[in-house]
């Protein structure tokens, strides 16, 4: 009886974790698009900077004030030698995501983001000389095919937004790969990651945001009719962006890797549907088919990775045993993603 109750509670906890993760993620995406499109606040660097500031304050509150998470202590040298390069890539990743939202629909942007597994594998193969099982490469085919079909049939295609989203995938892959190597020895969770990286990202982005977007922001303040409600929405998106990181920590510790992978792909489908209901951007039939193929490919990729990781000792795995020092870099953990 007790075992049954515990099992039911575990299932309920997992569902609750997934739903709140979906809620924060989709809300942040929709709010950012609303800021760019409806509020006419077309300043992705400034929006990213607001998110970093809110995340810095939120992580400090959770760790130092509320003490909901223990602080992982990092010495000063490692902060500059390891965390600062990570923060730079982290900053580029978020900025590119917001730039893409500025120019292309949420549905198209989310589909392109699903290209990240392919860019991760290719980067590890080209730069780190990793060798992968043929099943990994085969699982990338529907992802690439779906992205191509979606891009060709996108009715609201914009080259700048497309390139920003595509390079955002590269930045996400680079960030994840660097995290495995630069942060080796540190057991970072999503909150501690934000605690250390968000202040660096704010410092990196503040000057470019002021120089490139400062005059435009001042003009927006002078011409926009409803300043206070608009600022509430902008800063609320920053607060929710931090909450998204906290929700990632919760869902990772409440679900399995397979569940996380499937839920992540369903989350993209939910974001696409909600964005279409709100913004009514035109979606062609073949475009929707391409999106579906991409999401199914991502799910299959996650399944293959899981199956290969479950092989018993002595069974050939991917990647093969390293032949040189560079290949000692560990495999990417596909589980942690979507940080602010």
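Here the Cβ of each residue, glycine as well, is placed from N, Cα and C on the backbone.
No curator has checked TrEMBL annotations; they are predicted automatically.
As stated in TrEMBL, the feature transmembrane segment covers range 134-153 out of the listed 114-133, 134-153. Across 12-31, 43-63, 134-153, 227-251, 258-279, the stretch most heavily in contact with the transmembrane segment (83-104), judged by Cβ pairs under 8 Å, is 43-63. Below 8 angstroms of C-beta separation, residues 101, 106, 110, 233, 236-237, 240-241, 243-244, 247-248, 250-251, 254-255, 259, 263, 266-267, 270-271, 274-275, 278, 338, 340 of the same chain, each at least six residues beyond the ends of the transmembrane segment (12-31), sit close to that stretch. Stretch with the largest number of CB pairs closer than 8 A to the transmembrane segment (258-279), among 43-63, 134-153, 195-221, 227-251, 285-304: 285-304. By the Cβ criterion (distance under 8 Å, sequence gap of 6 or more), the transmembrane segment (134-153) is counted as touching the transmembrane segment (285-304), at least 3 such pairs being found.
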